[in-house]
Structure formats: C-alpha cells, structure tokens
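Asks: For reference, the structure I am asking about is given below.
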Amino acid sequence: MEILIRPDPEDVAALAAQILAGYAGDGATLGLATGSTPLATYQELIRLHHHEGLSFSKCQAFLLDEYVGLPRDHEQSYYRTIRREFTEHIDIDDSAVHSPDGLTEDSDAAGRAYDEAIQQSGGVDIQLLGVGTNGHIGFNEPGSSLSSPTRLKTLHPQTVKDNARFFERAADVPRHVLTQGLGTISRARHLLLLATGEGKAQAVAALAEGPVSARCPASVLQLHPHATVIVDEAAAQNLQDSEYYRYADANKPHWQRH
Ligand code: F6R
C-alpha cells in the first residue's frame with residue numbers, strides 16, 4: 001500500500017485527479033464514490049475537462065452504493081448526487097454511469113446483477129474510495145465479510161449520524177443501502193482511497209497500520225496489490241510510521257512518480 005501525505009485537502013484532490021485523469025484518457029472503467037471527500041477531486045476533474053481537454057467520452061462508471069428506498073430523482077440518492085456533482089459536467093455518456101438499484105424488491109438479484117455488469121464492462125480499472133469514521137468503505141460496515149459481493153447492508157448508527165448532515169432530519173436518513181462488497185471492490189485493478197480531516201485520523205491509522213480485520217473493513221486494502229492512500233496532514237496525524245511514508249514518497253523511483 002502506498003501512503004501519500006499531502007498538506008491539505010486541495011493537494012489531496014489535485015493528486016487524486018491527476019491519477020484518475022491518467023485512466024480517463026484511456027477510456028477506462030471508473031469506480032466512483034459519493035460523500036464529501038471526493039467532491040474537490042471531481043471539481044478538479046471537471047476543470048481538467050473544460051480547460052485541458054480531458055475527455056471521459058469513452059469511460060464507463062460504476063458507483064459504490066445506493067440508498068435503499070430513495071427514488072432516483074431524490075436529491076440525496078447517489079444516482080442524482082453523482083450526476084449533480086460530477087458526471088453532468090463532463091462528457092461521459094449518461095447511460096454509461098451505473099449505480100445499484102436501490103428500489104429493487106429483490107436485493108440479492110440486484111446485487112448479483114450489479115456485480116455481473118461490472119465484470120461485463122471488463123472490470124473497474126480504478127476505484128475511488130472515501131472512508132467512514134468507523135472504517136467502512138462503500139457501506140461495508142464493521143463486521144462485513146472481506147470477500148462480500150454487492151448486497152443489502154444496514155447502516156451503522158454512526159454512519160446514520162455522520163450522513164445526517166445531508167438530510168433535513170436524522171430520521172430521514174435511509175437505514176439500508178445496496179453496496180458493492182469488499183470482494184467486489186477488491187477486484188478493481190487499482191484502489192485509490194482519500195481521507196481528509198482529523199475526523200478520519202483514527203480510521204486511517206486502523207486501515208493502514210492495524211490488523212487486516214472485518215472490524216476495520218478498509219483494512220482489506222492491505223491485501224490489494226495496487227492500493228494508493230492519499231491523506232492530508234490532519235488525517236495522517238495518528239499514523240505511527242508517517243516519516244517513513246514521507247521518505248518513501250520523496251525517494252520514489254522516477255517510473256513510479258505520478
Ligand atoms: C460513499 C461511500 C462511503 C463514503 C464514506 C465517507 O459512496 O461509499 O464509504 O466514502 O462514508 O464519506 P465522506 O466522504 O462524506 O466523509
């Protein structure tokens with residue numbers, strides 16, 4: 001796992017956008033995340049599209065997750081969110097932006113269909129990830145199987161609390177989601193996890209330096225052959241070996257420089 005520490009969220013976003021742009025130009029299958037963390041990265045990719053000719057026209061995109069029970073046109077559905085925050089502002093074909101069907105009556109079948117659709121696209125080339133304060137990725141809450149497929153999950157009360165800021169009342173936050181599983185996410189060829197702010201410091205230390213454990217679902221990144229974690233100083237503050245990560249970053253062989 002490569003851990004890159006940057007001074008602030010803007011630098012995290014600039015580097016993440018640069019890495020993603022390298023894939024987009026080749027017409028890759030992109031794995032997209034919602035939530036607050038990737039917003040600055042999406043802004044930078046939109047800027048690159050408008051001002052530097054970066055095209056997504058040959059890309060496909062798969063979202064990590066979707067709330068169960070929210071209509072697609074609900075402002076907080078991830079179907080709407082990713083379009084509002086990112087894909088409506090670039091040249092990706094709208095029909096190439098996929099998300100789990102949060103309105104399904106049969107979540108097992110919908111989960112299987114989503115995993116099959118990802119595989120039929122050739123698989124995700126790069127998966128963008130945020131991390132929950134409790135260590136979740138996608139909505140794989142603590143205790144999730146490290147090899148899980150896309151399926152229905154119940155949100156942890158901590159996640160409901162964390163996401164209440166997007167809704168008028170905490171009671172409006174859906175309690176269930178369809179989420180790519182940790183097995184699904186792990187099949188992406190490159191995992192790119194971003195974390196900013198001191199609220200993520202504990203989760204970052206656990207995922208990078210703690211044991212691989214379902215208690216911290218994001219620790220599954222330790223098993224992946226190509227995982228990049230970009231954090232700002234605030235999110236890096238609990239890392240034990242941060243000096244080594246900085247040293248390795250500064251002394252990277254030239255062919256590995258982003
Ligand atoms: C969103 C997702 C979640 C978020 C995580 C962090 O699609 O899958 O895992 O990435 O909850 O959310 P923020 O970035 O809002 O702190």
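Yeah, the Cβs are placed from backbone N, Cα and C, and that goes for glycine too.
Owing to the predicted nature of the structure, the values given are computational and were not obtained by experimental measurement.
TrEMBL feature annotations, pasted as is:
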type	residues	note
ACT_SITE	D65	active site, proton acceptor
ACT_SITE	N134	active site, for ring-opening step
ACT_SITE	H136	active site, proton acceptor
ACT_SITE	E141	active site, for ring-opening step
DOMAIN	24-222	domain 'Glucosamine/galactosamine-6-phosphate isomerase'
SITE	S144	site 'Part of the allosteric site'
SITE	R151	site 'Part of the allosteric site'
SITE	K153	site 'Part of the allosteric site'
SITE	T154	site 'Part of the allosteric site'
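Would you situate these features in the structure and describe their surroundings?
Replies: With a cut-off of 8 Å between CB atoms and residues at least 6 apart in sequence, the same chain places T34, Y78, S99, P100, G138, F139, V177, L178, T179, Q180 near D65 (active site, proton acceptor), listed in sequence order.
If you draw a 10 Å sphere around the CB of N134 (active site, for ring-opening step), it holds 19 other CB atoms from the protein chains shown.
Sequence-distant contacts of H136 (active site, proton acceptor), defined as residues of its own chain at least six apart whose C-beta falls under 8 angstroms from its C-beta, comprise P142, S144, H156, T159, P217, A218.
Just so you know, the Cβ of E141 (active site, for ring-opening step) picks up 22 other Cβ atoms within 10 Å once every protein chain is counted. Look at E141 (active site, for ring-opening step): DSSP puts it in coil.
Cβ neighbour count for S144 (site 'Part of the allosteric site') (all protein chains, 10 Å cutoff from its Cβ): 23.
R151 (site 'Part of the allosteric site') has a Cβ environment of 22 other Cβ atoms inside 10 Å.
In the three-state DSSP scheme, K153 (site 'Part of the allosteric site') is classed as strand. When Cβ atoms from all protein chains are considered, those within 10 Å of K153 (site 'Part of the allosteric site') total 24, not counting its own.
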Asks: Using the alpha carbons only, what distance in Å do you get between T154 (site 'Part of the allosteric site') and N134 (active site, for ring-opening step) once rounded?
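Replies: Cα-Cα, rounded: 14 Å.
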Asks: Cα distance, E141 (active site, for ring-opening step) to K153 (site 'Part of the allosteric site'), nearest Å?
Replies: 8
Asks: Determine, from DSSP, whether N134 (active site, for ring-opening step) sits in helix, strand or coil.
Replies: coil
Asks: Taking the Cα atoms as reference points, how far is E141 (active site, for ring-opening step) from N134 (active site, for ring-opening step) in Å?
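Replies: The Cα atom of E141 (active site, for ring-opening step) is 8 Å away from the Cα atom of N134 (active site, for ring-opening step).
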Asks: Work out how many Å separate N134 (active site, for ring-opening step) and R151 (site 'Part of the allosteric site') at their Cα atoms, rounded off.
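Replies: Given the Cα positions, N134 (active site, for ring-opening step) is 19 Å from R151 (site 'Part of the allosteric site').
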